[in-house]
Amino acid sequence: MATNAYLLLYVLCINSTKQQTEKEVVSSRANRWSSIMVKTEELSENVRQKVIDLHKTGYGYKKIRNKLNLPVSTVASIIKKFKATGTVANLPGRGCKQILPLRAVKEMVGQVHSNPKATLGYLQECLASSGFNVSKATIRRRLHEFGFMWTDETADLFERPSLRTMTTLAETKEIFRSADAVCFDVDSTVIKEEGIDELAKFCGVGDAVTEMTRKAMGGSMTFKTALTERLSIIRCSREQVNKLITDHPPQLTAGIKELVETLQQRNVKVFLISGGFRCIVEHVATQLNIPLHHVYANRLKFYFNGEYAGFDETQPTAESGGKGRVISMLREQYGLKRVVMVGDGATDLEACPPANAFIGFGGNVVRPQVKERSSWYVTSFRELLKELEKI
């Protein structure tokens, strides 16, 4: 009897120990999965982008570690990958089929329509600046799926008028007369100067920067690449920017003030969408009585001591295709039906679509590529005023 009692007690102890062990295993697994989930959240693309943003503003690895509560090795790995690839996004491994989301495909097709002679390399750069890192083979494959038999050698085939999406002269004028919003580029359009070139001259590096501006506006390099390289040469301080605006304020192009006033009197919304700098564009908007919330431009960043710290790369106007994204947002926000884009450069031309029509402006500088592909090209804002008088 005593033996049976001891045996029963022994079995109960074993079962109790087994249950306790199972609970510990479950608890251990739960903690491990919890740790994994936290790690996944910490290494999300948003957090990786925060690491890069802090690094660009001068933070060292240890400061970033303390601020974001990440291991130094993780911080170093993220920064190393960004320097090698130019992105914080997870790239597909070798041998994996690269997939482009619909938004990227639309952007790519839009680039082909707006720039028929664009090479695969140029399209690859444009997509990379928007965060999509894919091979030329993937770009070619996706274009083929949309009916574009695309190679660098046959790109000139897309110069055929039947493949263009640009409106005719009569259609463009009719859309302008009935537009409920007109978006203007600023540099070399609303104002006579190219803002970044003036800033470069003021800082003593004018010649080097002017050539890059010409390439960017002509479409031979992506806008973001050109902007980054130009600003890395200029490295202006906050004091220099303020002094430039005070000593050499931007000069309005003849006729723009009257044109904006006329449009506003007709209840047409007017927006300034610029690849230039907001601190300068806001000064222009004030002169034209355009609300500051109708201004979209790039933002310079400075350290506390006023030294140059970079620019806000999250602004849509910092990239090729950015002006088009702003217009898409405005259409949705204000319920706009007919939007016209007016400008002198390639980044303005590529904003149509989503703009319903594009008007090329050559009153300050003529860009041959833009003039060639504009159905309506003007050299004076008085031509637009005359068109409005027909209403």
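Glycine is treated like the rest: Cβ placed from N, Cα and C.
Caution: TrEMBL annotation is automatic and unverified by curators.
Lifted from TrEMBL, the feature list:
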type: ACT_SITE; residues: ASP185; note: active site, nucleophile
type: ACT_SITE; residues: ASP187; note: active site, proton donor
type: DOMAIN; residues: 37-88; note: domain 'Sleeping Beauty transposase HTH'
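Over all protein chains present, the Cβ of ASP187 (active site, proton donor) has 29 other Cβ atoms lying within 10 Å. Counting only residues at least six positions away in the same chain, the Cβ atoms of ILE273, SER274, GLY275, LYS323, MET341, VAL342, GLY343, ASP344, GLY345, THR347, ASP348, PHE361 sit under 8 Å from the Cβ of the residue listed as 'active site, nucleophile'. If you average pLDDT over the domain 'Sleeping Beauty transposase HTH' (37-88) in this model, you get 74.
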